[in-house]
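Asks: If you look up Swiss-Prot, you'll see 64, 65, 66, 67, 68, 69, 70, 71 marked as ATP binding site, on the strength of sequence analysis. Under the heading compositional bias 'Basic and acidic residues', Swiss-Prot lists 325-335. Taken from Swiss-Prot, the feature compositional bias 'Acidic residues' applies to 336-348. Among the features that Swiss-Prot reports, region 'Disordered' is placed at 325-348.
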């Protein structure tokens, strides 16, 4: 047994000498066993994710039909990163980002790094350069479907380019996954939905860009509109369901229901009323909502309005709900990792 241990120790020393300190270690000696996270900007989604937010150093895919709220979900995460003093980048391959809407969601557009690349290769090379800097906390690519290979852009209309985009994504993710993990960057890929022709049984819906993103993603979120939210005859927004269809860090298949209001994004008060009532932090009796035996509104909309006007009570309820769901922020790390991440520039 001693000979085996000595041989193992010798092998570990050789590996560390060749590849650097920390290239191999016992898991128990690793200082970062708990997964550090950054809030998604939505209480309901933080709870559905199971760890209180998006895991750092991982790839996230957000997909769904058109106008379902995918970009809104990503922009809320960017606002949360910036609020904690972090740096975020948005690669707008669709050339469709609305700065005014992003600002309404809390994004500091003056500090947001924005790129509107011409080709898929350019977009992914920019993404790699940003991640390798070690100074970007969140990177959003909107969207995978718009990452058009250079050969397709330079070719003629109607030319067949079979599998080009899938190969591009597969190669890019092989290069990106390791450095994303080292740099603790959260990479959010927004994706669209297509339908396979001739599918008789099962779900005909697929996401563009091949299968690589499905494999490399730690978390996959499906965003869908459930119903319209109306005030009289006017449509004010949508009730949206966000389903965690894949999760490597917590149990999957949880669903977060949020109100996405036009021009405002996710209603924090709406999800707070729902989640607080679920764990009896807020009591619901008939149509009345009450907190600490004080009525805060008749009907959900009035309770939402009360919390919007009384931010101190809203924050107090939010803190209690997070404690009930055991996502009180104990796994949050400072976003500024200091000099350590800069060594990524010298990798390879």
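Note that Cβ sites are derived from N, Cα and C of the backbone, with glycine treated the same way.
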Asks: Among the binding-site residues 64, 65, 69, which residue has its Cβ surrounded by the fewest other Cβ atoms within 10 Å?
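Replies: Checked 64, 65, 69; of these binding-site residues, fewest Cβ neighbours within 10 Å: 65.
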Asks: How many other Cβ atoms sit within 10 Å of the Cβ of residue 68 (ATP binding site)?
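Replies: Summing over all protein chains shown, residue 68 (ATP binding site) has 23 other Cβ atoms within 10 Å.
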Asks: Where does residue 68 (ATP binding site) sit in the DSSP three-state scheme?
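Replies: In three-state terms, residue 68 (ATP binding site) counts as coil.
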Asks: Highest CB neighbour count within 10 A among the binding-site residues 67, 71?
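Replies: Result of the Cβ crowding comparison: 71.
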Asks: Enter the number of other CB atoms within 10 angstroms of the CB of residue 66 (ATP binding site).
Replies: 8
